[in-house]
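**Q** Features from TrEMBL:
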- 11-389: domain 'Major facilitator superfamily (MFS) profile' (DOMAIN)
- 12-34: transmembrane segment (TRANSMEM)
- 99-117: transmembrane segment (TRANSMEM)
- 137-159: transmembrane segment (TRANSMEM)
- 165-184: transmembrane segment (TRANSMEM)
- 205-225: transmembrane segment (TRANSMEM)
- 245-262: transmembrane segment (TRANSMEM)
- 274-292: transmembrane segment (TRANSMEM)
- 298-317: transmembrane segment (TRANSMEM)
- 329-350: transmembrane segment (TRANSMEM)
- 362-383: transmembrane segment (TRANSMEM)
């Protein structure tokens with residue numbers, strides 16, 4: 001696999017490196033942004049929540065606009081815009097206590113991410129052969145997860161020195177990435193403006209495969225967001241403050257080492273069973289958390305199942321989205337991101353409101369397990385119905 005990565009185009013290497021370094025930069029800040037803002041005496045808790053919430057929505061929902069801009073205007077210019085928009089955002093945060101300036105800075109960061117994300121994924125897919133499509137999506141996920149794992153460690157160390165240094169350093173990372181990506185060479189396949197009109201986008205929105213991808217993206221994100229909401233809370237309360245770190249580390253390591261082989265299996269052309277199996281893994285993971293005997297072995301087993309479910313589902317949905325209309329790959333990724341915004345919000349509210357509470361005699365884990373099994377059954381019915389046609 002390493003040889004294949006080396007044999008990719010130089011432009012693909014540059015986008016992969018940009019993905020890694022941008023994730024390092026982003027996750028140097030993300031785990032500590034709310035903490036930093038809450039310590040500013042000029043901001044209330046509501047204002048901190050407003051800044052974080054609006055930034056999240058700009059990042060997720062804005063990806064639809066980023067995808068359309070990439071497909072209809074210019075893919076490289078959209079990527080450069082996404083990198084450039086984050087520079088003033090990061091450079092400003094550390095030097096102001098004003099709510100409106102901080103809000104505007106985080107909006108720029110969120111929108112910059114939403115511009116770059118679908119354009120970069122589309123660029124990678126369009127610059128490899130059809131047979132390498134799964135491998136490049138899997139490789140991108142590995143690079144992103146390496147950056148996600150490194151970022152918080154660096155951020156924690158630099159934050160202890162000085163918060164201003166942290167935000168300034170991340171800003172300069174994006175200055176460097178912007179300059180490097182100015183040299184990015186495009187292939188003929190990335191410029192298809194003359195072949196695309198608005199009716200094509202309308203067809204994409206109503207395409208049955210796209211609608212299925214949107215539905216499964218919503219359901220997947222609703223369940224996956226528990227890794228960031230209820231599972232860390234559970235680990236902290238049950239095993240101590242170090243447990244969430246172990247959970248995220250195990251999740252990242254599994255993704256890094258198993259992403260490519262699992263992705264190749266998950267993206268077999270003629271099988272939809274990986275999606276069904278992914279929901280079943282989610283259900284088993286939540287069931288184990290419900291029946292947990294307060295041992296790390298059970299906790300890690302649940303996280304292993306959860307992570308394999310994540311790998312299978314995420315890569316399969318990405319792969320299906322790339323096969324709907326090759327001219328509108330970025331738009332498809334943008335639509336998926338918008339769906340994930342709603343799924344993440346719904347799952348976050350569900351986990352926050354019902355964690356440690358019972359509804360109709362069922363714990364949050366039991367309800368999540370039932371929801372996962374129901375999603376598996378629904379997906380099976382949809383695939384069986386499609387097969388009969």
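Glycine too: its Cβ is placed from the backbone N, Cα and C atoms.
Could you tell me the structural context for the features on the list?
**A** The predicted model assigns the domain 'Major facilitator superfamily (MFS) profile' (11-389) a mean pLDDT of 86.
Listed as Cβ neighbours of the transmembrane segment (99-117) (distance under 8 Å, sequence separation of 6 or more from its ends, same chain) are residues 22, 26, 33, 37, 42-43, 47, 50-52, 54-63, 65-66, 69, 78-79, 81-86, 88-90, 92-93, 333, 337.
Beyond its flanks by at least six residues, the transmembrane segment (137-159) meets 5, 16-17, 19-32, 36, 121, 124-125, 165-166, 169, 249, 252, 255-256, 259-260, 263-264, 311, 314-315, 318-319, 322 of its own chain at Cβ-Cβ distances under 8 Å.
Counting only same-chain residues 6+ beyond the ends of the transmembrane segment (165-184), those with a CB under 8 A from a CB of the stretch are 11, 14-15, 17-18, 21-22, 24-26, 28-29, 32, 76, 79-80, 83-84, 86-91, 93-94, 155, 158-159.
Within the chain carrying the transmembrane segment (205-225), a Cβ under 8 angstroms from the stretch's Cβ atoms is held by residues 275, 278-279, 282, 309-310, 313-314, 317, 320-321, 323-325, 332, 335-336, 339-340, 342-344, 346-348, 350-351, 368, 371-372, 375, 379, 382, all 6 or more beyond its ends.
Distant neighbours of the transmembrane segment (245-262): 1, 135, 138-139, 141-142, 145-146, 148-149, 227, 231-232, 235, 296, 299-300, 303-304, 306-308, 310-312, 315; these residues of the same chain sit at least 6 beyond its ends, with a Cβ under 8 Å from one of its Cβ atoms.
Within its own chain, the transmembrane segment (298-317) is flanked in space by residues 134, 137-138, 141, 213, 216-217, 220, 223-224, 227, 231, 235, 238-239, 243, 246-247, 250-251, 254-255, 258-259, 262-263, 266-267, 274-275, 277-279, 281-282, 284-286, 288-289, 291-292, 336, which lie at least six positions past its ends and keep a Cβ under 8 Å from the stretch.
For the transmembrane segment (329-350), the list of distant contacts is 56-57, 60-61, 63-68, 70-71, 75, 78, 114, 117-119, 121-122, 125-126, 201, 204-205, 210, 213-215, 217-226, 228-229, 317-318, 321-322, 364: same-chain residues at least six beyond its ends, Cβ to Cβ under 8 Å.
Tertiary neighbourhood of the transmembrane segment (362-383): same-chain residues 212, 216, 219, 222-223, 226, 230, 272-273, 275-277, 279-280, 282-284, 286-287, 289-290, 350-351, 354-356, selected by CB-CB distance under 8 Å and a gap of 6+ residues from either end.
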**Q** Same-chain Cβ contacts of the transmembrane segment (12-34) under 8 Å, 6 or more residues past its ends?
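**A** Same-chain residues near the transmembrane segment (12-34) but 6 or more away: 5, 48, 52, 79, 83, 90, 93, 106, 113, 116, 120, 123-124, 127-128, 136, 139-140, 143-148, 150-152, 154-156, 158-159, 166-167, 169-170, 173-174, 176-177, 180-181, 183-184.
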